[in-house]
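**Q** The structure under discussion is supplied below as structure tokens; questions concerning it will follow.
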Amino acid sequence: MKVYEKAPAKINLSLDVLRKREDGYHEVEMVMTMIDLADRLEMRELPRDSIVISSQAGYIPLDEKNLAFQAAKLIKERYNVRQGVYIHLDKKIPVAAGLAGGSSDAAAALRGLNRLWNLNIPTDELQRLGAELGSDVPFCVTGGTAVARGRGEVLEPIPDPPQCWVVLAKPSINVSTADVYGRFRVNPALKPSTAGVTEAIRKGDFAAMCRSLGNALESVTLPLYPEVRQIKELMVRLGADGVLMSGSGPTVYALVQRESKVARLYNGLRGFCKEVYAVRLLTSTGGGAAD
Ligand SMILES: C[C@@](CO)(OP(=O)(O)O)[C@H](O)COP(=O)(O)OP(=O)(O)OC[C@H]1O[C@@H](n2ccc(N)nc2=O)[C@H](O)[C@@H]1O
Ligand SMILES: Nc1ncnc2c1ncn2[C@@H]1O[C@H](COP(=O)(O)OP(=O)(O)O)[C@@H](O)[C@H]1O
């Protein structure tokens, strides 16, 4: 038997870092939503009891460092599954980009293996397992739009944002999430308004949502990598309605509602950056391409 799962990328519409905790993680408050840029996972039973990962992408680990491998190992151990699995990852989400590609693959593996092995694990338990794999995995288990607190695993679902285009540009630099959090210092003068974003979303007010976008981790990543700031500035010049770095970066996204602006942004960014994508938000009310 085979199962397939789509693993979409997330963007952070707001990301506030409240304080460093004693366990080394940071207490966050962020608004996350999914976009229609996704990896695809195929999961197939193996006759022997092992986990095998393959991918067309040459630049991700295929051993126990792969988050989909870790998800399979965790679920096998906890539910005493003696069957093996072959997982193929069709990678489309750029790696180490601030888009939670690995986390979404792990979440998709949890959902898919729950089906493949008929385990009937409830969603909240899949999220608890996900939290053992990474802070963004619980959100990726359900997707949608949510305020995430704690280290990212305490989730409050909220309505989807007003539908729009998302034009993303990933500069070819590698940013380590742990390094960015490690360098972060709380600055009350640079406090993103999670309440502003959620209020705008609840009112369906696209312009107010764009005005409220904010990411505290920009205070670390922008000074370290000037090209990230340059891309933000270019996006504004090219007519973006709202612009923000996602997660710890380095990907920057522009939100636009008018389709006529998308080609202008896409082409303008392509002159500056090799990896540029134009996609829709993945909302439940349509607009995101279904599988
Ligand atoms: C910044 C965010 C925003 O959505 O996304 P990305 O940039 O990774 O996409 C997340 O908080 C990243 O979540 P994730 O990538 O799952 O992080 P984890 O694997 O759990 O942790 C990697 C490292 O980041 C730091 N970390 C992570 C989350 C958190 N709330 N506080 C932290 O200090 C820790 O040093 C940890 O060792
Ligand atoms: N399935 C996977 N896809 C992408 N990266 C993975 C995967 N499994 C493990 N990794 C590793 O996780 C790290 C972070 O990748 P990713 O989740 O794409 O970034 P981010 O947390 O910035 O969104 C990379 O260094 C990569 O080698």
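Cβ from N, Cα, C; glycine included.
Fair warning: this is a prediction, and the values are worked out from it, not measured in the lab.
In case it's useful when we look at the structure, here is the feature table from TrEMBL:
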- Lys10: active site (ACT_SITE)
- 66-144: domain 'GHMP kinase N-terminal' (DOMAIN)
- Pro94, Val95, Ala96, Ala97, Gly98, Leu99, Ala100, Gly101, Gly102, Ser103, Ser104: ATP binding site (BINDING)
- Asp136: active site (ACT_SITE)
- 199-273: domain 'GHMP kinase C-terminal' (DOMAIN)
**Q** From the centroid of the CB atoms of Pro94, Val95, Ala96, Ala97, Gly98, Leu99, Ala100, Gly101, Gly102, Ser103, Ser104, the recorded ATP site, which same-chain residues not already listed sit within 8 A by their CB, in sequence order?
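**A** Sorted by sequence, the hits are Ala9, Ile93, Gly247.
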**Q** Inside 10 Å of the Cβ of Ser104 (ATP binding site), count up the other Cβ atoms and send me the figure.
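**A** Result for Ser104 (ATP binding site): 29 other Cβ atoms within 10 Å.
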**Q** Under 6 Å from ligand 1 by Cβ, which recorded positions from Ala96, Gly98, Ala100, Gly102, Ser104, Asp136?
**A** Gly98, Ala100, Asp136
**Q** Across the whole of the domain 'GHMP kinase C-terminal' (199-273), what does the mean pLDDT come to? Round it, please.
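**A** Value for the domain 'GHMP kinase C-terminal' (199-273), mean pLDDT as a whole number: 97.
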**Q** List those of the recorded positions Lys10, Pro94, Ser104, Asp136 whose Cβ lies under 6 Å from any atom of ligand 2, in sequence order, or write none if there are none.
**A** none
**Q** If you count the other Cβ atoms within 10 Å of each Cβ, which of the binding-site residues Ala96, Ala100 comes out on top?
**A** Ala100
**Q** If you draw a 10 Å sphere on the Cβ of Asp136 (active site), how many other Cβ atoms land inside?
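**A** Other Cβ atoms within 10 Å of Asp136 (active site): 27.
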**Q** Express the distance between the Cα positions of Asp136 (active site) and Lys10 (active site) as a whole number of Å.
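**A** Between the alpha carbons of Asp136 (active site) and Lys10 (active site) there are 9 Å.
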**Q** Give me the count of other Cβ atoms within 10 A of the Cβ belonging to Gly98 (ATP binding site).
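**A** For Gly98 (ATP binding site), the count of other Cβ atoms within 10 Å is 29.
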**Q** What is the interatomic distance between the Cα atoms of Lys10 (active site) and Gly102 (ATP binding site), given in whole Å?
**A** 11
**Q** Could you say whether, by DSSP, Gly102 (ATP binding site) belongs to a helix, a strand or a coil region?
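**A** Going by the DSSP assignment, Gly102 (ATP binding site) falls within a helical segment, counted as helix.
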**Q** As a test of the contact definition, list every same-chain residue at least 6 positions from Pro94 (ATP binding site) whose Cβ is closer than 8 Å to its Cβ.
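**A** In sequence order, the residues whose Cβ lies under 8 Å from that of Pro94 (ATP binding site) (at least 6 apart) are Gly101, Lys170, Thr251, Glu275.
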